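Novice: Feature table excerpt (TrEMBL):
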type	residues	note
TRANSMEM	5-22	transmembrane segment
DOMAIN	23-287	domain 'NADH:quinone oxidoreductase/Mrp antiporter transmembrane'
TRANSMEM	28-45	transmembrane segment
TRANSMEM	66-87	transmembrane segment
TRANSMEM	151-171	transmembrane segment
TRANSMEM	178-196	transmembrane segment
TRANSMEM	202-221	transmembrane segment
TRANSMEM	233-255	transmembrane segment
TRANSMEM	275-305	transmembrane segment
DOMAIN	290-344	domain 'NADH dehydrogenase subunit 2 C-terminal'
TRANSMEM	326-344	transmembrane segment
Amino acid sequence: MKPPILIIIMSTVISGTIMVLISSHWLMIWIGFEMNMLAIIPILMKKFNPRAMEASTKYFLTQATASMLLMLGIVINLLLTGQWTVLNMPSPTASSMMTMALAMKLGLSPFHFWVPEVTQGVPMSSGMILLTWQKIAPLSVLYQIAPSMNLNLLMAMATMSILVGGWGGLNQTQLRKILAYSSISHMGWMIAVTTYSPTLMMLNLTIYITMTLGTFMLFMLNSSTTTLSLSHMWNKLPLIASLVLMTMLSLGGLPPLSGFIPKWMIIHELTKNDMVTMAMFMAMTALLNLYFYMRLTYATALTMFPSTNIMKMKWQFENTKNTTMLPPLIMISTMLLPLTPMMLTLF
């Protein structure tokens, strides 16, 4: 794709999301979603092939259905209240309709089927945008309508998402699919705490985005798309292999790393609100995610690829990929735990 075209398309994606973030009018929010959806399609089809076209079509059909449901909810709300204000949501029907539409846009279970397929069918860079930037707009709307949402519906979707995100990633060897299931699981954690503490959901989103960006950039640096290609990393880029290990364990939510902060805070918030069973279930299901992250770290850092030559270090060309953002992303996604009190004050 030529740079001027890419700049125009990316600016449309960004402006669509910003329009959703700053609007308090339902029609403007809906237009922002549409701008974002139509501009992201060419980015998904950046490397044109049948697989990318299929993935883009699946994405378009799902998002178009979600937009239709969202507009239906907006119209029901308009008929009952006579206004387009976001914060005025007296109708449970409209609220449930909008929640389901936004869940479909986010890829929450039971509307999650498109997420692994689309992420696997598009290039790594497009998948990175899909699993990070595309989550901001729907979650910002959920943040605004949180007080009027149906708690039982949210908890059911959160439970299913965490379970599907854990079970679905167990049998995968494709890195993009693993990150897609990881995304479904993280979205479940965010949705579970939305009603009790929306600001905590935003903190979780921020940390999730930094961890996922760092992980994708590490994979793109090594051009890894499968577990097998990841296992070749140790004798080509040993330092990067150790960084992959740290980011994976952080995504799993192990205590010394940044990924532990949102899990710790969410479990604390749920137990404060007498949701002990839900918190215990989420903590146990997080072990499923941790298992497939551990499998990736094992493949990356703890296995030696069979080799007959004497020289174990693999010869390679000079790496020409730009990794300007990688060091700060790695720092943020692994070393934020001591700053937890400050972040809680900010959020």
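Placement of Cβ uses the backbone N, Cα and C atoms for every residue, glycine included.
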Novice: Suppose I define contact as three or more CB-CB distances under 8 A, residues 6 or more apart in sequence; do the transmembrane segment (326-344) and the transmembrane segment (202-221) meet it?
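Specialist: Output yes: the transmembrane segment (326-344) sits against the transmembrane segment (202-221).
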Novice: Taking contact to mean 3 or more CB pairs closer than 8 A (sequence separation of 6 or more), are the transmembrane segment (178-196) and the transmembrane segment (66-87) in contact?
Specialist: no
Novice: Counting CB pairs under 8 Å, which listed stretch among 5-22, 28-45, 66-87, 233-255, 275-305 touches the transmembrane segment (151-171) the most?
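Specialist: Result: 275-305.
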Novice: Need a quick answer: max count of Cβ pairs under 8 Å to the transmembrane segment (66-87), which of 5-22, 28-45, 233-255, 275-305 is it?
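Specialist: Maximum Cβ contact count belongs to 28-45.
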Novice: I need to check the long-range neighbours of the transmembrane segment (5-22): which residues 6 or more away from its ends have a CB within less than 8 Å of a CB in the stretch?
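Specialist: Those are 28-29, 31-40, 42-43, 129, 133, 136-137, 140-141, in sequence order.
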